[in-house]
Amino acid sequence: MSETALQDDPVVDLKERSPSSRVRSEKEPDEVLTRQQVYDFLVSERDRVRFCGTLPLTVFIWFIFTLTAWTHGNVERTSRAQSVIRYAVEKIEVHHQVSSLQGQPIAKRIRLDNISSTDEVWTWLIQGFVPLVAGSDLEPGVVRKFNQVIRPGIQLRQKRVTGGDCPIVEELREYFSSERLPSRFGPEVNNTGDPVDRAFVAGGSIQMASMAWSEPAEEMFFAFLRISRLQSGNSTDMPLVEGVVRAEELRRMQWVDDATDSLQISTTLLNPDIGAYIHVQLKINFIRGGLVQPVMEVRPLQTRVWHNPMEVVVDVVWGLLILFLTILAFQEVFEGKGSCSQRCCGSFWLLVDWTFILVGLTLIGFFFVYNAGMEGLDYHMANLPTALSEYVPTTPPPVAPEIQAELARAQALTEEGWQAQFQEDLELMIFLKVYHRLGMFWYVALILLRFFRGFAGQPRIAGIGRTIGSAASDIGHVAFMVTIALFNLILGGHLLFGPELQAWSSLENALMTTIMILFGQGDIGAMYNIAPTSTLIWGLSYIICIIVMLMSMVTAILIAHHREVRKNRGRAQQTLPHQFVAMCEDFVWKRSYDMRSLLRFTRSRAGPKSKILRALPVLKPETKRISRIPYDALIDFFNSEDLGDGEPVPPGWSAVKKEDFYRFGVDSATTARIMRKCHAATNASPDQEMPVMRLFEEFQSSVQDTCHVLDLTGEELKTWVAERRVDMANVEPRQRKLEVLSRALEPAEPMFSLETHWEEPPPALEGPAAGQAIADGPR
């Protein structure tokens, strides 16, 4: 039988077959991604694209806002001027005669913080504050050396208490009826028609528009201490004497007495060096019970909003950035799903963006309002030059002294009314400026929220936020318990130590003292001297409530919730440097494709004889890439949780194929990049725990594959045995055929025409020699 026949013969041993005919399982790829890996990566990638993509705009807005705060704030220079004036006023120290002993006066050193009576207020004002503000030609002082006082000078504004009975019993009221606080004075008292001092008339005959939240001008009493401008070469003390004389006159007439509720001393300075008004206001409150409480405020106010074109450019850039953010917010609203309210305000971060836009536009609009207000103040001052100079009669003096005195009083009334209105307008601008600074503070908080939004795309930082969010409920319950315990501690300390210690004299002071004790700044020794046992009990309760319940419990709650968050965080946990590198790679990958698309478009538009074709490179064709990856649809597809829609969900450890991405319109290049990035992001952090169902599924899959191979092998063995049976049945007939064929075989005839290598036999011998030759042959 020929070799070909043997090959076609089915009687061949199974071991002699070629390896390709054996049953083998399909070779698994080297990098197999599971559905859970892809799901974790897509969630992380979606957050990175959605949140981290906002960081460049946030950083740019933060940088421009920093420049705006630095240029418009003028904080450093105004703080220096404010500190100088505040320090000078607080360090004023004068001597006040309390009594006398054997003809020797007993004096008390008076400062702003230890004033205790109305008489001491007058002494401090006459001997200290007025000379400080007025100065002199030879010794202008630290205030007048760098500042100019807006005429007339110092304004005194008094509010008096209303008439009424003291809160005592009837017997004591009758006993002390002659010593009660006097009723308020004003036009209702001085109604005889006699000329009186305007300082004792409610409103001071001044027509002034006041703010709605301020005290009505008709219920206030005004007095003015004139401070003239300094004149070079003039060493007279007249500018100082005029204000002091007026103060002494008011003191003698008891303009401030026991019926005074509060006294406001205010003056306005102009500092040309820093270009700002400085409003100095000292409000002395006479609290019932004899306490005198002075409160000083020094408020600077810039005279100009924009000092150079660069500041205008910064504000314009800020406005353009807010406009761009507004466009992005509207785009997010249009792309959203659901009702109008859900699309506009359904997301927390979208609400933050709307608030960010509204506050930013309000702050920018304030600059225009502030600029118009300051121009109005400057115009007001420019039209009243007499208010900034010495009094010069504008008309020839009349012959009659009465008419001259009347004109002088009218001129003084005009200047005083102007100053009252000017200070009222200045206080309005200061009020707006204060709230503008408060708005800028909250704007910084909104910028911080936008930074948090950008950081939410970083998995490790987002884990911290999820920890706080999941622990908020438990921390809220602990805070409720601590708040109740803390309030009781505050109330107990107020009742126990309040009558003896100033730090516990009010609930507000008790609250601040309780908080200060937490940082080791409370006066425990003074508390122990008052009530030793109660102090020990209070301190032990404080330690249990604050140290144990607040600090220890909050720490334990955060640790427990952080463990749960780390357990369920997924495998896509890139660090911040790795994510930054990935963002740069994505940028290069996308922009390079855009550049190649532009080159292809240019080549397609160029003519066949154009010289541009010679300069442009020839690019290989590539598939068109998707403009935006459908992260939400992919995440829903790869989610391994059963949504209850009846369709079986593949397990999270099942393998992912490229066709899973193709069904959502993702091109092959983008799919390959997603899978490479997923492998790089998830393989670095393997699963901390192996699910039991995954182990069972893998074992079941392995057993099923083995059973499948065994089934195929069994089928081949059955086929081989069947073929061998056929061969055995054919053995005997084949043998009979071979026997028949063997009988028909005959010796082959020699072929002499062919040359052989065998030697020819020697010729046969005749005679007796032939027999001998046969006998001598080989045996």
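Glycine too: its Cβ is placed from the backbone N, Cα and C atoms.
What TrEMBL lists as compositional bias 'Basic and acidic residues' is 12-29.
Annotation source TrEMBL lists domain 'Polycystin cation channel PKD1/PKD2' at 443-564. Per-residue confidence over the domain 'Polycystin cation channel PKD1/PKD2' (443-564) averages out at a pLDDT of 87.
According to TrEMBL, the region 'Disordered' annotation covers 1-29 (among others).
As annotated by TrEMBL, region 'Disordered' applies to 758-779 (among others).
Panel annotation: around the transmembrane segment (48-70), residues 314-315, 317-318, 321-322, 324-325, 328, 440, 443-444, 447, 450-451, 453-458, 579, 582-583, 629, 631 of the same chain, lying at least six beyond its termini, place a Cβ under 8 Å from a Cβ of the stretch. According to TrEMBL, the feature transmembrane segment maps to 48-70 (among others).
Taken from TrEMBL, the feature transmembrane segment covers 312-331 (among others).
Among the features that TrEMBL reports, transmembrane segment is placed at 351-370 (among others).
If you look up TrEMBL, you'll see 438-455 (among others) marked as transmembrane segment.
Look at TrEMBL and you will find 475-497 (among others) tagged as transmembrane segment.
Within the chain carrying the transmembrane segment (509-530), a Cβ under 8 angstroms from the stretch's Cβ atoms is held by residues 486, 489-491, 493-494, 496-498, 500-503, 536, 538-539, 542, 546, all 6 or more beyond its ends. What TrEMBL lists as transmembrane segment is 509-530 (among others).
What TrEMBL lists as transmembrane segment is 536-560 (among others). Non-local neighbours of the transmembrane segment (536-560) in the same chain are 467-468, 471, 474-475, 478, 481-482, 485-486, 489, 492-493, 496, 514, 517-518, 524, 527-528; each lies 6+ residues outside the stretch with a CB under 8 Å from one of its CB atoms.
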For the domain 'Polycystin cation channel PKD1/PKD2' (443-564), what does DSSP give as the number of helix, strand and coil residues?
107 helix, 0 strand, 15 coil
